[in-house]
Amino acid sequence: MVIMKAGSSRCAFSLGFLVGSCSLYVFLRQVWFEESFSWQSNGRSSPSPPISHEQNSSNLTWRVEGSALINLKHPNQPGEDGHIADELFKKVRILCWVMTGPSNLQSKAQHVKNTWSRHCNVVLFMSSEEDRSFPTVGLGTGEGRDQLYWKTIRAFHYALKNHGHEADWFLKADDDTFVVVDNLRWILSNYTPEQPIYFGKRFKPYTKQGYMSGGAGYVLSKEALRRFVEGFSTKVCTHTTPVEDLAMGQCLEKMGVLAGDSRDSLHRETFHPFIPEHHLTGKFSKTFWYWNYCYYPIVEGPQCCSDLAVSFHYVDPVLMYTLEYYTYHLRPFGYQHRYQPPVPAVLSLLSQTVKTTTETQRSEEGAKEKPALTNSVNPRAEEVQTTETSYKITNAAQERNTTHRSAG
């Protein structure tokens, strides 16, 4: 009997010691964060001198400023008509920061640098260590999954403090995420950066309004980012879990930031947490956790993904270049898109100018009796511009915009 009591006491002591140790660890990590984070806020440790050099000086498209890549103009292929995308590039400014690490710079981050990041206005590669040759921002954290939220907190603070004036929206993506930035711009053009809102692949557990998957990437308005940073200065938000995307969602919910609906008018998702083939071919087992996490009903097969898809996750370097080719180069001859979304309201004047110019060109071509097969888009396609689908998209975007304005 005495032996049993002694054993029970030892178990109770061990359990108490374990709980106390875990609590102390969390407390000390929080204290460490608050003290060590002062490198951002009070300038105790000044950043490295800025590096500035230009690429393609004969036809300048981007330059390096400090640890940032600045894309000076929207990239287009020779002979390509990208005037609408070019205008949105100027009016919907997106800062893209990419979560990476020293061991991933050449194996992963370099391929992001070569592909989709060229469509962002500002690009930052966030790492635990500074690398001025790549370049990366050194966040002064460790590496590993338990460091993801630390890196995210510091990265967003850094982005707002150092580049807040250069962007309206702030996208977080991993170094194995592929993003179609131009499609993201179209979604964001229906909102304003003054609205406290963010978008991504919406999950539902553990928060009232849901939260956005970290792997698929998520984008914050400038006001949402301001509130996120404020949440830490007021201690409304703290680092209590290493689960980055969930902790992010919980903080933003506390700060009154709305979790936006980024689906298209046909309720197809735009942000995707897996590679395209997993969504398109229905490879998800019914016991897979994904079924219990998705905020909206899962659709498998060809209708899984919007024609204006924004992102895919777990993309290896080969697939990164493949998706870049499929997105910006591959075209089937003789076909129009299933629907052509309406030009955003912010570009309505440009749209009218383009329409007038197109009609003038069409008249001139008719007068010259050019052959039917030309290198331009089929003129008749523009005469059938407003389809039932595009009408629904316009209404859906306007309704969401009105709703979010009221909520903001």
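Glycine is no exception: its Cβ is also placed from the backbone N, Cα and C atoms.
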Swiss-Prot annotation, N-linked glycosylation site - which of N59, N190: N59
Site co-member for Mn(2+) according to Swiss-Prot, given D174, D176, out of H278, H279, H313: H313
Among M99, M212, M320 - the residue Swiss-Prot places in the same UDP site as E143, G144, R145, K151, D174, H313, Y314: M99
Count of other CB atoms lying within 10 Å of the CB belonging to C305 (disulfide bond): 20
Spatially closest candidate among C251, C304, C305, the listed disulfide-bonded residues, to R145 (UDP binding site) (Cα to Cα): C251
R145, K151, H313 as binding-site residues, winner by CB count within 10 A: K151
Integer Å distance between the CA atoms belonging to C305 (disulfide bond) and K151 (UDP binding site): 30
